[in-house]
Amino acid sequence: MTILLLGYMASGKSSVSKLLGKELGLSVLDLDDYIERKEEKTIREIFETKGEIYFRTKEHAYLKEILETKEAMIISLGGGTPCYANNMNLIHEYTKHTFYLQTSIPEIINRVKDEKAKRPLISAIADEDLPEFIGKHLFERNAFYQQATHRILTDKKSVEELVQEIEALLN
Ligand code: S3P
């Protein structure tokens with residue numbers, strides 16, 4: 001079984017996928033980490049030296065490479081992965097176990113404001129402009145995120161609770 005977690009930056013995809021992987025005995029693959037290993041650069045360096053279009057092209061190619069292995073695993077996507085290169089259609093050719101971790105704007109701001117430096121899309125946005133930027137960004141991305149089979153609200157929930165919710169939906 002291939003399970004995919006998607007959602008905006010800081011929605012908890014990585015931590016939820018790690019615990020879910022332990023619970024289900026499945027390996028976990030973080031698409032950003034995979035891209036960094038393959039490209040031998042951090043995501044930030046890729047954005048800085050090659051630009052976003054290059055990143056999106058590679059993101060799509062590596063996602064396809066991973067899905068084509070058809071290995072049972074949990075894949076944690078990057079925040080923008082569902083929104084480019086027809087990636088949601090590609091994903092649904094391989095699995096219907098897709099979960100959108102939906103986090104509110106205030107909660108996202110809380111989580112990202114101290115770690116903007118490692119997030120190229122928001123590193124140059126002033127703290128006071130984050131609500132408007134993230135609000136607009138989520139609005140644009142919503143149509144893609146909503147293509148996930150399941151939607152899980154994450155605010156005020158622990159990683160354990162989120163994993164339980166996902167497991168219940170898988171049964
Ligand atoms: C991005 C989110 C990041 C990473 C890249 C672009 C986005 O992943 O893929 O910086 O477009 O939202 P995380 O959601 O894991 O931070």
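The backbone N, Cα and C atoms fix where each Cβ goes, and this holds for glycine too.
TrEMBL entries are annotated by machine, without manual review.
Since this is a predicted model, take the numbers as computed values, not measurements.
According to TrEMBL, the feature ATP binding site maps to Ala10, Ser11, Gly12, Lys13, Ser14, Ser15, Arg119. In the three-state DSSP classification, Lys13 (ATP binding site) falls within a helix.
Long-range neighbours of Ser14 (ATP binding site) (same chain, six or more residues apart, CB within less than 8 Å of its CB): Asp30, Ser76. Under the heading Mg(2+) binding site, TrEMBL lists Ser14.
When secondary structure is read from DSSP and collapsed to three states, Arg141 (substrate binding site) falls in the helix class. Note on Arg141 (substrate binding site): other Cβ atoms within 10 Å of its Cβ, all shown chains, come to 17. The substrate binding site feature in TrEMBL is assigned to Asp32, Arg56, Gly79, Arg141.
Checking the binding-site residues Ser15, Asp32, Arg56, Arg141 against ligand 1, the ones with a C-beta less than 6 Å from an atom of that molecule are Asp32.
Taking the Cα of Ser11 (ATP binding site) as the reference point, the closest of the binding-site residues Asp32, Arg56, Gly79, Arg141 is Gly79. Counting other CB atoms no more than 10 Å from each candidate's CB, the binding-site residues Ser11, Ser15 peak at Ser11.
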